[in-house]
Number of protein chains: 2
Amino acid sequence: MTLAHTGEFGLIERVVERLSVPLAGGAGVDMLLGPGDDAAVVRAPDGRVVACTDVLVEGRHFRRDWSSPLDVGHRAAAANLADIAAMGARPTGLLVGLCAPKDLPVAWAEEFSLGLAEEAASVGAAVVGGDTVASPVLTIAVTALGDLENRAPVTRAGARPGDIIALAGRLGWAAAGYTILSRGFRSPGLLVNAFRRPEVPYAAGILAAQLGATSMIDTSDGLIADAGHIAKASGVRLDLRRSYFELPTQMADSANALGVDPYEWILTGGEDHALVATFPPDVMLGGAWREIGVVREGEGVTVDGAKWTSAAAGWDHFRTDVG
Amino acid sequence: MTLAHTGEFGLIERVVERLSVPLAGGAGVDMLLGPGDDAAVVRAPDGRVVACTDVLVEGRHFRRDWSSPLDVGHRAAAANLADIAAMGARPTGLLVGLCAPKDLPVAWAEEFSLGLAEEAASVGAAVVGGDTVASPVLTIAVTALGDLENRAPVTRAGARPGDIIALAGRLGWAAAGYTILSRGFRSPGLLVNAFRRPEVPYAAGILAAQLGATSMIDTSDGLIADAGHIAKASGVRLDLRRSYFELPTQMADSANALGVDPYEWILTGGEDHALVATFPPDVMLGGAWREIGVVREGEGVTVDGAKWTSAAAGWDHFRTDVG
């Protein structure tokens, strides 16, 4: 059965049914009015709301033959929830715009919705609303909302020379998984699954804000590109230390087998949604945070004091294709 | 110059420049942190935020040879702001996901952004954030945020038998304009322009809430379809009175020339974004609100007591194409 059979309203009914499945365990406590009206109403106890939008396009951000609809749902939610976490906020709700070809199996849309709701529920948030339209290209636009819990938002603009640069989450795993899939392989599963479904260190975002982070960003475009946004907004240089980065053996082995420099994945690969933050020098890092460098006077991003030269400088969606 | 030249970050810079142009006159007072970080921060003084998402796809919701980029920007904003108004809320901010082909002229994206910001500014809101990605199909996903100013949201579920049904805004104008354009004509301009850029009675939404509206909806899919949503959610029948509807001479003349029943446009045409609400029988309607029928026991929507039979029962985006 495809969307041509159910129509828009039939699809919405089925999707909304799936969305309410995983609302156990406290997820949805902020949803005062959910799907089914002109708009949703979500609690914003802080008197401010944090909001961001991220779009995934088939063939560019995901492929249906590489990822299950459940994976795509998880990833679409994660990409947005990570942005909320990167402000030091607690996610409260998601809205989804689903643009689907008429021949999309209804089961795909249902499983996708389940993945979206599951990922949101993992941080206590719910899918509160959305829109479905027909389109020749399967496109997923997600908006995430969050609450700052009376903290100041952690922007990209507060890094100061002397600050410690720290990382929470994985780097290079998604890029490695993508390279493996694009060469026609399906293993190691650890890396391929990291591309299919990122593991975002959500709790580290709020912890960073509590620890007094001076700046923070979600690494969706690759570490060097995203650290560059902090450098530019803060008017400083971010100097990363290569020896501080973990290189899992699976990644080292895959890089070797594929003839790739694994640090290219780690330093420039996108879509892992790790968090990068800067902290005052006397911070006691905790949780998932670990040191990866130091903030200095100057501009741009360096690795061990020198400019990193590589084929790719990060993911620019108008220049690079995923698949 | 196209997006292939500017790249994603170059486009974002240019778009953000345009977005800040019309922020005079109080628009943007709710934007605490605007475009350029992982997420925006918007005031939610009520402690709740109203949020909705609406997606426009080229060839389905707009055509570049029929509408200017400025018009498309206005329409994309209006479609979402109308949903906020239909809850009885005041719009505070917009987020936009722009999926653009690489050969899209940068000037198109800039003008579109200006239209979006102008429409938002007309209600005191600002474009606070968004995302740009490459896509084979020009697709615009807009999310609107709003504040309820300590009022209860006006949902679709509160209509009671005996309530007055009232309308604010125009009906059938966009559908007439669409029919005219699709037959290859370009006039009358009044109707064609109504299709290109809806005139949403934003203030009527808040007024309805203040007047004690028992239900409200934005008529994006056509009056009968959208009144049907109120009927279903409220468990009542909405009986419309045909003689209560305005039939502008330009619409009557065009309908006559094209061999169309103009009440087909009025009762089933979408995309005007008029507001329909129900009120207690003793209400003193004011502002743009005028009576169009009465709520009765039963189900569904009737016109002068009988089911309206027509070719189309409203716009279902998986079944109907715009252009």
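The backbone N, Cα and C atoms fix where each Cβ goes, glycine too.
For the Mg(2+) 3 site, TrEMBL gives B:Asp38, B:Asp218; the one candidate out of B:Asp83, B:Asp253, B:Asp261, B:Asp272 that the record lists there too is B:Asp83. Residue counts for the domain 'PurM-like N-terminal' (B:36-146) under DSSP, split into helix (H, G, I), strand (E, B) and coil, are 33 helix, 46 strand, 32 coil. Taking the binding-site residues B:Thr53, B:Ser220 in turn and counting surrounding C-beta atoms within 10 angstroms, the largest count is reached at B:Thr53.
A distance below 8 A between C-beta atoms marks B:Asp54 as the binding-site residues from B:Asp54, B:Ser220, B:Glu271 lying next to chain A. Averaged over the domain 'PurM-like N-terminal' (B:36-146), the predicted model reaches a pLDDT of 96.
Annotation for B:Gly130 (ATP binding site): spatial neighbours B:Val15, B:Pro35, B:Leu95, B:Val96, B:Gly97, B:Leu98, criterion Cβ-Cβ under 8 Å with sequence separation of six or more. Rounded to a whole number, the C-alpha distance linking B:Arg156 (ATP binding site) with B:Asp218 (Mg(2+) 3 binding site) is 10 angstrom. Of the recorded residues, B:Asp83 (Mg(2+) 4 binding site) and B:Asp131 (Mg(2+) 1 binding site) place their C-alpha atoms 21 Å from one another. With respect to their backbone Cα atoms, B:Asp54 (Mg(2+) 1 binding site) and B:Ser220 (ATP binding site) stand 11 Å from each other. A separation of roughly 10 Å, to the nearest angstrom, links the Cα atoms of B:Asp131 (Mg(2+) 1 binding site) and B:Asp38 (Mg(2+) 4 binding site).
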